[in-house]
Every structure is written in structure tokens, then in C-alpha cells.
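Heads up: the structure comes next, in C-alpha cells.
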Amino acid sequence: MTASRIDGKAAGVAVRERVAKGVRAFEQRAGRPPGLATVLVGEDPASAVYVRSKNRATAEAGMASFAHNLPDTTSESELLQLVADLNADKRVDGILVQLPLPSHIDEKKVIATIEPSKDVDGFHAMNAGRLATGLDALVPCTPLGCLYLLKAELGDLSGLDAVVIGRSNIVGKPMAQLLLGENATVTIAHSRTRNLEEVVSRADIVVAAVGRPEMVRGHWIKPGATVIDVGINRLPTDDGKGRLVGDVAFDEAVEFARAITPVPGGVGPMTIAMLMRNTLVAAHRRAGLADPENL
Ligand SMILES: Nc1nc(=O)c2c([nH]1)NC[C@@H]1CN(c3ccc(C(=O)N[C@@H](CCC(=O)O)C(=O)O)cc3)C=[N+]21
């Protein structure tokens, strides 16, 4: 069997087009566009690229974009003050503080300072707790994008065996919560899991989010399973440009899976699309409007 490639780029474009329509409708009703503020501290080139593409996507969706690029000498209290200012700014519906932050800044403190109704990353404990207890929440963009691709591929996930490899607050844990919400049987595996191969080989759905290049081998995959690869690992190449690979050995896994996301062009573009979606949803909730439909 040769797996189909799940086209996250195309799915992301489709979501962003629906968001853009929703933005126009919101603006008619609220008299202002939804707004997203991004905060980048320091000069990490990869972070700068990601934040730029988020700002571009925001403008393309017709939303107001407020980009704050700060030097890596920014103190923690200066950053907390900026977040407080953005919390109070009525034009701002979403606040994204790009991670990782420089080591002299406590990420936990920064996340805890973001107003939960503007936390479009879904990282605040309020949103994590609301997701875990089945209340309306802002849900982290990457797992939300993964769930979107899974439902597009499989429809109903009820009763399926899902394995999430990785237990981060950003991907693994919220991914598991979302799958549980869809009535999948969920296993969370991690670096201490014994016999990972055997655990993976039982799964109808594999979500790999460990950050270790090509760690999941093709023969681990149950024939006909669906594989979502969250990893983005840059490997060195002779020409110095580097090559992106996921956490799954793609060329092997296509021989076993029913469908699989490539890297790049899989989960990454969906993350940005879901950030646009979350910003539109946050704008509606903050304006006292019902959630937009069909996103
Ligand atoms: N507060 C915060 N929120 C985030 O959502 C967040 C963050 N910090 N820090 C870094 C990670 C990483 N991230 C990506 C988003 C899009 C792609 C993406 O679009 N990737 C493309 C291109 C990859 C490339 O060429 O580098 C692809 O996979 O096809 C990748 C990675 C969001 N993150």
C-alpha cells in the first residue's frame, strides 16, 4: 500500500479563505477588524521567519496586525508591561508571544500574564483547563490543525486507537485532549515509554511530536493507519541550506500508512491557519457575538 499525502498547505489555504470571509462579516458587525499582536524577542532567524509569515497571513486575512519586535536585551518586566498594554488594547483580540524566549525571561510568567480571552496560542492554564474539562477554550493551534486534518481524512474518530508521541503542553497534551473529545482511545507516549514500537504498531492514528528526526520508523506503522507528523527538524546538508525532516521516516512510512502528512507542507501551514481562526474566534467572543461557523 502507498499512502496518500495529506496536503496541509492546500487545507491551510482553504481555512484561511474561510477566515477572510468571516473577517469581513465581523468587521461589518463590530465596526472594526479583528486584531492580532505578535511579540518577538531577540534575533533567532527561524523564529523571525515564522513570525513574519504569521504577520503576512494576518494581513492577507484582512485583520489588523500589530508586530512588536524587541531586542534580546529586553528585560522580563519590560515584556510583562508590553503584554499588559496589549491586554488593555481594545483593538487587539489575539496576543502571540513567540517561543522560545531568551533564557533570562520566565516563559511561564509571560504566558500567565496574557489575558485568557486573547490567548490565541491556547497556552494559558485557563485555556488548558477549559479544554480538559470540555468548556469553550482557545485551543493550541498545532493540535487544532492536526485534528482538522484527521477529521478531513477519517471523518468520525470515535473508538479509534490513537497514539500521541510527546507530552508537551503545546502539542502532546492538548492533542490528547482533543482526540479524547472525539471519543478516540488515546495513549500518550514519551521518552520513558517502554517498547514504543509496539505501542505505535497498535494505533489507527499516530501523531508524532517529539522533535527527533525520523525517529518513528515505517515498519512500526500499522497497515492502513493515518500518520500526522508534527516534527520540523532541520538537518545539515553539503550545500549548507539544510533539509527539513519530520519525526517520522516519511519514505518508509508511506509504504504502510493509509495517509500521512509531509514535512514541510503538512502540519506547519495548518498551525498558521488555525492561528487566524483562533484570532477570529477570540474577536467574536470578546465582542459578545456567537462563534463563526464552518471554520
Ligand atoms: N507562541 C508560539 N506559538 C507558535 O505557534 C509557535 C511558537 N511560539 N514558536 C515556534 C513554533 C513553530 N511554529 C510553526 C508555524 C508554522 C510553520 C510552517 O508554516 N512551516 C512550513 C514551512 C517550514 C519551513 O520552511 O521552515 C511547513 O511545515 O511547511 C512551522 C512552525 C509555530 N510555533
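Placed from the backbone N, Cα and C atoms, the Cβ positions cover glycine too.
TrEMBL labels come from automatic prediction, so no person has curated them.
According to TrEMBL, the protein has these features:
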- Gly166, Arg167, Ser168, Ile232: NADP(+) binding site (BINDING)
- 6-121: domain 'Tetrahydrofolate dehydrogenase/cyclohydrolase catalytic' (DOMAIN)
- 140-286: domain 'Tetrahydrofolate dehydrogenase/cyclohydrolase NAD(P)-binding' (DOMAIN)
### Query
Just how spread out is the NADP(+) site if you go by the largest Cα to Cα distance in Å among Gly166, Arg167, Ser168, Ile232?
16
### Message
Under 8 Å between C-beta atoms and at least six apart in sequence, can you list the same-chain neighbours of Ser168 (NADP(+) binding site), or say none if there are none?
### Response
Ala209
### Neighbour tally for Gly166 (NADP(+) binding site), based on other Cβ positions within 10 Å of its Cβ
23
## Note on the structure
Neighbouring CB atoms within 10 angstroms of the CB of Arg167 (NADP(+) binding site), all protein chains considered, total 18
### DSSP-derived helix, strand and coil totals, residue by residue, for the domain 'Tetrahydrofolate dehydrogenase/cyclohydrolase catalytic' (6-121)
62 helix, 18 strand, 36 coil
